[in-house]
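What follows is a set of notes on a single structure, which appears directly below.
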């Protein structure tokens, strides 16, 4: 299993809306993530800095990257553009983090 972590931003006035939209996420999005090998996906909110810290375990980079081309992911990204910064393709602006410590 490959562990990934990344940081995104949420608009300062959208903390509650961001959380509402994720509780729960669309069932079809959850199904796509799982069918593409994503496990133990969690997102944490740092309210003071408007940051989202996400962790996920994936089975392969190829399968994880393929999620982006699914219709449900494209619709989700568009749905989220009013609550967080997005790239021109509507994907969330994000920065991947380098793992520096892990205690199994």
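For all residues, glycine too, the Cβ spot is worked out from N, Cα and C.
So that you can see what the record holds, here are the features copied from Swiss-Prot:
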type     : residues       : note
ACT_SITE : 22             : active site, proton donor
BINDING  : 18, 41, 76, 77 : substrate binding site
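Annotation for residue 76 (substrate binding site): same-chain Cβ neighbours under 8 Å, separated by at least 6 residues, are 25, 26, 29. Cα of residue 77 (substrate binding site) to Cα of the residue listed as 'active site, proton donor': a span of 12 Å.
Residues near the residue listed as 'active site, proton donor' in space but far in sequence (CB under 8 A, at least 6 apart, same chain), listed by position: 43. According to DSSP, residue 22 (active site, proton donor) is assigned to coil rather than to any helix or strand. If you draw a 10 Å sphere around the CB of residue 18 (substrate binding site), it holds 19 other CB atoms from the protein chains shown.
Take 18, 41, 76, 77, the residues named in the record as contacts for substrate: the widest Cα to Cα gap among them comes to 17 Å. A C-beta separation below 8 Å, combined with a sequence spacing of at least six in one chain, links residue 41 (substrate binding site) to 33, 54, 55, 56, 57.
Cβ-based neighbour count (10 Å, all protein chains) for residue 77 (substrate binding site) stands at 17.
Taking the mean position of the Cβ atoms of 18, 41, 76, 77 as the substrate site, the remaining same-chain residues with a Cβ inside 8 Å of that point are 21, 22, 25, 29, 79, 80, 92. Mapped onto three states, the DSSP output places residue 41 (substrate binding site) in strand.
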